[in-house]
């Protein structure tokens, strides 16, 4: 068996040849070729909208290609349904989890293929025995009888992977597997991937995170705008040249300088307390300044932003906007007072996915593009065109449903929506989550530009390079409190990590804030 | 070689065209069904396509239509209104009863005020208290029915001097050869359609129905908007009560019973999604008319009244299924 795998090393287990996929109005994939060898991790890279997901959906039988061949183990195959692809050994681990939370781990693993005994009754014994065996192979520390809803996100992901192992897979596709994992949980996933690799499974690994890709993969293939730009051996390349392949030019790595001239305070938060969410939070954002709010998920950062935006009511403290005390009863009040919030979850909170690009763009500022209540469609178009050009939003037309755009472009629509309201204070909650490097750099440059033109900007992020790269000052939060405040240009990474994990060693400023 | 390629291409083209025609038909499914049934009815009954019959059907459909215009707005905003049937009973009994007591003008004013008040209660509970609209309006459906019986003491009401009141205008008169109920229906439909498609208010309602969370995060006052949709719905019910009371010149306590389902049927037949965020008044107008013609056709063919119910809902389920089949097909060819 080992000899065979060794032998097959040169022969790919899977080949995609000249795959073309057209959607009405767009060529999503244009003659893309891609192959996977047994026992290798092949990273697939590309900006949002480059066609990675489409290619994987073609592979998994969700989309029928308009041209090209899928060759699995030297045999040309056509997959009409995802089930067929799965039966043939191709498994996709999704970005969005597709588990039934109210069922046990075992039931989820064998969902749709539950072992039966006579009378078509569920064979519980075998179900749990088989599940336990798979979980052991994955070195999971939870039981097959646990409810999925009681598991952490990382463990849920393990269940997804376990589900894939039911059909002895030949190819496993990981689509952004670490997007929702913490740094502690990632190594477990890496182990699982290496384990699968050792068993001769071919792995396709899609991620925006370069460090992961260089750590795990043997080869890297790059897509750009639906075109195949090439495959390289990971050992023979570096981040810069891969990035260049991805975006077609060398990335001007965010060398736009940070704003340096600040006006008076725009937002002053003093002793803000929301029951069960945050307590005694104080900070200031000046005009023209970018303040980064750094902390782990659950530290209360988004909740502080929501309170400022009128979505939560505070029990103590005060919020001043441009010197005036405000206590918004609704988001409408906040918006009319000049606050904008680009929310954390663009699909649930930021966009009406069924509406077109233009309508989403003007949604927060309808009164500015209407007179006597009637929409002025020419003005609306002008607004859309302006931000579409300014932010290079890639969309076939303003009529395009926002749900059909890629993540980066969706995020730009949300930002455009808020720029159009001409806010005094712009709050961005995780502005670049799940967005490719190209769009990320563009959004960072945009944030700096906005601050330079006088906006007060609060950026909430759990990515250290982002807060360090973008902000003037950094506020660290832990467990609903501000633990420290730093000058972004004079702070060590270890100081930041200590501040957000609740370890002491805080600065004098922080000591003042925590009292 | 070339010819084989040509043949293949020719085959593929015709296949594409076939798919196109099929998807077009299923997209227009309800209209196609409508035309076929119209044809069938006209074969069975020569009266069916006569001008007078058509006018009668449209006039009869206009009461359901007027209510459906308002309910469509509620549904686009992502909620339901099942209380309209009882509200219609209440408003009709009220306006007819008060007609002789305080005169037509005052009766109409009081009736509109009371109907809007009920709408405001719905709107308050659903918009501001954020209760589930299905439960609230279902509760209101029977609560208002109780209110009607308390008000009337179980007696039917009617207008004493039927020949001598301008109140007859709303249900019985014609303007420029068109029945007033039909005019009212048309007018309301046009106004509300314009509001929904061309104003910021309409855009906000669509946004709330499409994604209520994102709407709130965009600074839209969701509670007020939802509240207002129930006022619109109540206003439409009041208009319908005007027409109904005026036409009958009297009212039974349960005159509006079952209207909520007929209204819903018309809206669903038209193709407005019950999930909210999509739909139009035009669709509802078409749906209501289809419903009217089908019921009329069945009547002319000699089916009893109660058989219409069975057939109507079979048709509705057919329509929803066709709609879904069309969308499913799309699921395989669009981005997701």
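Every residue number used here counts from 1 along the chain in the order it is shown.
Even glycines carry a Cβ here, placed using N, Cα and C.
Note: TrEMBL annotation is automatic and uncurated.
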Feature transmembrane segment in TrEMBL, mapped to one of the ranges B:174-196, B:197-219
B:174-196
What stretch in B:108-128, B:134-153, B:174-196, B:227-249, B:261-294 has the biggest tally of Cβ pairs under 8 Å against the transmembrane segment (B:63-96)?
B:227-249
Considering only Cβ pairs within less than 8 angstroms, which of the stretches B:108-128, B:134-153, B:174-196, B:227-249 has the most against the transmembrane segment (B:261-294)?
B:174-196
What else in the chain is close to the transmembrane segment (B:174-196), if you only count residues 6 or more beyond its ends and a Cβ gap under 8 Å?
55, 58-59, 61-63, 65-66, 69-70, 72-73, 76, 202, 205-206, 232, 236, 239, 243, 247, 280-282, 284-285
